[in-house]
Amino acid sequence: MQRRQGRVNAGLLLLLYQISQVGLQNIPSVTLGVLALNIFLFLNPVRPLSEVCISVKEGFYRKNWQRLLLSPVHHADDWHLYYNMISMLWKGIMLEKKLKSIWFAYIIAVFSVLIGVVYMMLEFMLMKILDDPSYEMNCAVGFSGVLFALKVLNNHYNPGRVSSVLGLQISSKYACWVELVAIHLISPGTSFAGHLAGILVGLMYTMGPLKKIMKACAGGISSFTDPARPRDYYYSDYYGYPGYQYRAPRSYYDYTGGLTEEEQLERAVLNSLNERDFGGATYNNERRPYGFWFPPEQHSEEEIRRQRLRRFERR
């Protein structure tokens, strides 16, 4: 595009420098892919900005739905790209490790489209409420709406933190709202509705039905997993038992078998004595899982007591 010719893209160079400082090996795959896609489309835009931006007129009236996909990954200039991608870099590193790459990629894809839809709804409401047709012409590009949604998710998964906004210490719970107002005051040309749409979509995921809907839609795809659900881990050699499959216990009861601390101690002593008396053998070649092992019922308490006495007599 002509606007990118004959000038040094200082923002792009600074972005590449920051990425190199972090190290490609330290950036999760989906986050790195998003960065690469946005940089590539900045250097090689699919179409001019006027043909990829999203607005009520273009998206709703003219049914140019492809703009929902194109508008988030195009940027007005190199500094617009820099600030958005630096924010994506840090948010992606934190969230992708927590949510896992496949689910994080799913979130990015859904958020990118849904934020465009919510943005058009907000602009349409403003047009009707204020009776101002100019709102249907407001055309937005950039990844910042998705970043506001990811900020809501990050604050949700890391509660109790404090963020610095213009030198003010703000609780992370309210930081996105303060930033929304601050950015609009500092840069009036930014899309207030686009940023607000991102916050609303983030809240729809953390407090509303969006997360459940996404899980339901992904339920039939085996490669998708619920990041909050305990997973099965397979070890080639687990406590000396090759091929043992361990399911992560889901509650304290699973660890203790419902026993009190005194009962746990007594059971552990009995298990230890029983294992020594029988040479550490297992019954029926059964592998013993990690945790509390219950001896077979055929050994009565009286028999175990006699075994214990015989053990002490041998000392």
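From the backbone N, Cα and C atoms, a Cβ is placed for every residue, glycine too.
The annotation domain 'Peptidase S54 rhomboid' is assigned in TrEMBL to 63-207.
Using a Cβ-Cβ cut-off under 8 Å and counting only residues 6 or more beyond its ends in the same chain, the transmembrane segment (103-122) has close neighbours at 28, 30-31, 33-34, 54-56, 59-60, 67-69, 71-73, 92, 95-96, 140, 145-146, 149-150, 153, 191, 193-194, 196-198, 200-202, 204-205, 210, 214, 218, 224-227. Residues or ranges marked as transmembrane segment in TrEMBL: 103-122 (among others).
Sequence annotations record features per position, and here TrEMBL assigns transmembrane segment to 181-205 (among others).
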Per-residue pLDDT averaged over the domain 'Peptidase S54 rhomboid' (63-207), given as an integer: 90
